[in-house]
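Student: First the structure, then my questions, so here it is.
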Amino acid sequence: MAASGNLEAVPDMLGRNRLREKHNDHDDGFWSRHPRLRIAPGVFIGGVIGTAVRAALSEMQSSDWVWPWVTFCINMVGAMLLGFLLEYLARTGDDVGIRQSFRLFVGTGIIGGFTTYGTFILETDTRFMDAHMLAGLSYGVTSILLGLVFAACGVMLAERCASRSNRKAGEGR
């Protein structure tokens, strides 16, 4: 973690102050001018991992199925994992240093590569084109609504885990 002199409080989307590393004003090289690029390889590698897992699971999909179960399950699991990850990290510390790199590697990289909005849209459209209107409509609506439910379940689970973790940390003082 960066030294406390290298941190500044910045409001997040909810108005809560979060610590982040200060930008270095003097020019000491490419990486200091473009600090966010340091995380790009981790996001890329995470994306490769998530995409490979999704591709392997997608091989189980049968073209006979009216409902694309594999993509549906992948997206529900991904929504829950992402809800859990982001809520847990938000409740247990500031988004700086290794925590930020971990969030981007796992959340943006692995989970982002694992889930697939593009395939969801393609499969919904294919149902409509193949005259399975009800299947296309129900798949589209159900995926979005249950995706929100699964994400909310991930958030609630993270709240419980984070409060336990914070209680244990408080007991150890």
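In case you wondered, yes, glycine gets a Cβ from its N, Cα and C as well.
Pulled these from TrEMBL:
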TRANSMEM  39-57  transmembrane segment
TRANSMEM  69-90  transmembrane segment
TRANSMEM  102-122  transmembrane segment
BINDING   Gly112, Thr115  Na(+) binding site
TRANSMEM  134-158  transmembrane segment
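How buried are the listed features, and what sits near them?
Tutor: A Cβ distance under 8 Å defines the sequence-distant neighbours of the transmembrane segment (102-122), meaning residues of its chain 6+ beyond its ends; these are 39, 42-54, 58, 68, 71, 74-75, 77-79, 81-82, 85-86, 89, 95, 140, 143.
The number of other CB atoms found within 10 A of the CB of Thr115 (Na(+) binding site), across every protein chain shown, is 23.
Same-chain neighbours of the transmembrane segment (134-158): 66-68, 72, 75-77, 79-88, 91, 120, 123-128, counting only residues six or more beyond its ends whose CB sits under 8 Å from a CB of the stretch.
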Student: Count the Cβ atoms, other than its own, that fall within 10 Å of the Cβ of Gly112 (Na(+) binding site), considering every protein chain shown.
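Tutor: Summing over all protein chains shown, Gly112 (Na(+) binding site) has 19 other Cβ atoms within 10 Å.
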